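> Let me give you the structure first, and then I'll get to my questions.
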Amino acid sequence: MEKQPLPADDDKTETVESEVDALTGEERPQGSSEPAARAGWNSKIEYFLAQVGFSVGLGNVWRFPYLCHQNGGGAFLLLYVLLLLVLGIPLFFLELAAGQAIRQGSIGVWKYISPKLAGIGYSSCVVCFFVALYYNVILAWSLFYLGNSFQYPLPWEQCPKQGNITVKECERSSPTSYFWFRKALDTTDSIDEVGSFNTNMICCLLAAWTIVCLGMFKGIKSSVKVMYFSSIFPYVVLICFLVRGFMLEGAMDGIIYMFYPKLEIWADLQVWLQAATQVFFALGLGFGSIIAYSSYNPKNNNCHRDAFTVSFINFLTSVLASLVVFAVLGFHAKVKVDACIASNLKQLSERYQHGFIDQTQMPTFNSSDSSPVAAEVYSSWFKEYGSKVSANLTDCDLEKEMQKGVKGTGLAFIAFTEAMSRLPGSPFWSALFFLMLLNLGLSTMFGTMEGILAPLTDRFKTLAKNKTKLTIFSCIIGFVIGLLFTQRCGNYFVTMFDDYSATLPLIIVVVFECFSVSWLYGADRFLDDIEVMLGWRPPIIYKYLWKYICLLAMVGLLAVTTIRTFIKRPTYTAWNQETASNSDLPYPDWALAVLALLILFAMMPVPVGLIHSFLQDRKKPSRDTEAVADCHGGSGSFVLVADFSTELVAEHPEV
């Protein structure tokens, strides 16, 4: 039997409608193809705030700058824009159009398009739940630092002392590293050492889930009110930091290191993989949140324009965040390098005075002068004489300083925090920064939770009638399970969930999404539906992008990610209290088992949905045969075959 068109089509036969009702669980007035009544956005601004707030998250601030710096600077930006146009925007447009046309969450959308792939929507919900668990822990960390920002001096500006002796762990590392690992997390040396629960983090996690619950209490009607602040405030803070950062010495050095193009990096396959992965996760593909938010749009909304607008706002936000991060880190690195050079020159001068260094090995510049020496001048001298001088000198390299801790939590809670502590009025800048992180995380959390709640309430009427209770219950469950991350080893579990619980499942989800639309439903038919919905037909290039380019690229990304996951033993970065340094440790066997279970649990709905649909298809013909035979008194006047059941029913309307 031919697949039903999307609700935007004009086919209004009763047969189609009964199928749609069976697939989506919706009751519709007879003879109408319009979707059931559904809540909507009060304005286009609300919708944009929600989509931008979801897609622009913490990764824009602490992952994109790191990738850009490590992978060719300006060359990486060009590569990112190319992949955004070829992969990101077409897939983003696909999810927007599907949600807007069918007006369902992820479960209803993919079950509507192909009942055999109904499990895709459930997998999206599971992944959203996994992400929400650890993402809200990061919000709890931000709350903890925000609360500690309202004091002067900041508690991470100086090492604490026990009596008159500086704490060794802090002395061997830095005040910010010590505060993060010992005061905030009180972390253990490995994931095997469980430790006790961190009371401070439990309180902060409870506060974070309370904020999310209050924001989601009335669905999009309440969350969008929070988004007016949470989606706009980060941009205000980033602009303030950018202006302040450009006024700092060394800021331009940081930006030059950030954007200096290294075009030869394009020959490295690893860079292409990292750029494609960042495009994929930056837009939030596969979570179901994009579909959920777009399902509240009127069906004539220009979702094609929205795809480009939101995608480029996301990209420009990443560039803005990169400018801010490396302007401030450039200042931080300049201060560290100046201190390093001053220390080395002092040591050099002392050894020269005691006759340990020959006059010919001394630098031509005045080593006893207290004024700062340019890093380039010192570096050129060090390359020529550094190895010849019998002193424990270092090269004081600016780029090496900038590379320290510029990724993930290391950037937010150590490197950037240390840089802000050197600014005049450091508590003010610290409070602004962590309030910005909190709001970035909140907007993403609202979208993630909507990716869970909207599909479930669309699919199950009982949950739809009790959506407020479902929201509260989901937040309570999230908090209880989230206590796992408040143990002393909890940050290692955050790393585990961040690296593995979502990556593979989300890529698989998007592969199935692309395949089901472009091949099972048909790319041409999907474009026909969009034409009816928008009043104009999108360019034909989308057909080939969806069917070949996007699908093959995602399959390739899936293959590489899978090979890496299963061939190379996964590792995590652990903090060693004795040496006061980070080290990479392999996950123990039990942790690998947990990783495997996370991935399997997230993907289980896909094969389960396929098997369930197959069994339902096998049962359906026998039911049809029995029903028609009963209507004819069991006389056996009709010998029915399943393939002709629909035609026979059409010929005998009295049946």
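Keep in mind that glycine also has a Cβ here, set from the backbone N, Cα and C atoms.
Straight from TrEMBL, here's the annotation block:
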type	residues	note
COMPBIAS	1-15	compositional bias 'Basic and acidic residues'
REGION	1-37	region 'Disordered'
TRANSMEM	47-65	transmembrane segment
BINDING	GLY53, VAL56, ASN60, ASN314, LEU440	Na(+) binding site
TRANSMEM	77-98	transmembrane segment
TRANSMEM	119-146	transmembrane segment
TRANSMEM	199-220	transmembrane segment
TRANSMEM	232-260	transmembrane segment
TRANSMEM	272-296	transmembrane segment
TRANSMEM	308-329	transmembrane segment
TRANSMEM	428-449	transmembrane segment
TRANSMEM	470-488	transmembrane segment
TRANSMEM	500-523	transmembrane segment
TRANSMEM	544-567	transmembrane segment
TRANSMEM	590-615	transmembrane segment
> Might you confirm whether the transmembrane segment (500-523) is in contact with the transmembrane segment (544-567), defined here as three or more C-beta pairs under 8 A between residues 6 or more apart in sequence?
yes
> For the Na(+) site given as GLY53, VAL56, ASN60, ASN314, LEU440, which other residues of the same chain have their Cβ within 8 Å of the site's Cβ centre?
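Apart from GLY53, VAL56, ASN60, ASN314, LEU440, the close residues are VAL52, PHE54, SER55, GLY57, SER231, PRO234, THR317, SER443, THR444.
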> In sequence order, which same-chain residues at least six apart have a C-beta under 8 angstroms from VAL56 (Na(+) binding site)?
SER231, PRO234, ILE313, ASN314, THR317, LEU440, SER443, THR444
> Of the listed stretches (199-220, 272-296, 428-449, 500-523, 590-615), which one yields the highest count of Cβ-Cβ distances below 8 Å with the transmembrane segment (232-260)?
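Top-ranked stretch among 199-220, 272-296, 428-449, 500-523, 590-615: 428-449.
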> List, by number or range, the same-chain residues at least 6 past the transmembrane segment (590-615) whose CB is under 8 A from its CB atoms?
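Here the qualifying positions are 115-123, 126-127, 130, 191, 496-497, 500-502, 504-505, 508-509, 512, 569-570.
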> Determine the most Cβ-crowded residue among the binding-site residues GLY53, ASN314, using a 10 Å radius around each Cβ and all protein chains in the structure.
GLY53
> Thinking of Cβ pairs under 8 Å, which stretch from 77-98, 199-220, 272-296, 428-449, 470-488 has the most of them with the transmembrane segment (119-146)?
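It is 428-449, which has the most Cβ pairs under 8 Å.
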> Is the transmembrane segment (470-488) in contact with the transmembrane segment (47-65), using three or more Cβ pairs under 8 angstroms as the rule and ignoring pairs under 6 apart in sequence?
no
> Are there residues at least 6 beyond the ends of the transmembrane segment (470-488) whose Cβ is under 8 Å from a Cβ of it, and what are they?
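Distal contacts: 129, 132-134, 136-137, 140, 185-188, 193-198, 201-202, 205-206, 209-210, 212-213, 216-217, 219, 449, 452-453, 456-457, 463, 494.
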> Restricting to the same chain and to sequence separations of six or more, state which residues have a Cβ under 8 Å from that of ASN60 (Na(+) binding site).
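Expected: ALA282, ASN314, THR317, SER318, ALA321, LEU440.
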> Same-chain Cβ contacts of the transmembrane segment (500-523) under 8 Å, 6 or more residues past its ends?
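Sequence-remote neighbours of the transmembrane segment (500-523) are 3, 91, 94-95, 98, 110, 113-114, 116-117, 120, 123-124, 126-127, 130-131, 134, 280-281, 285-287, 542-543, 546-547, 550-551, 554-555, 557-558, 561-562, 565, 570, 595, 598-599, 602-603, 606.
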> What parts of the chain pack near the transmembrane segment (77-98), using Cβ distances under 8 Å and only residues at least 6 beyond its ends?
68, 109, 113, 259, 261, 266, 271-272, 275-276, 278-280, 282-283, 285, 290-291, 294, 303-304, 306-308, 310-311, 315, 319, 510, 513-514, 517, 526, 529-530, 533, 538, 542, 545-546, 549-550, 553-554
> Provide the number of Cβ atoms within 10 Å of the Cβ of LEU440 (Na(+) binding site), excluding the reference atom itself.
28
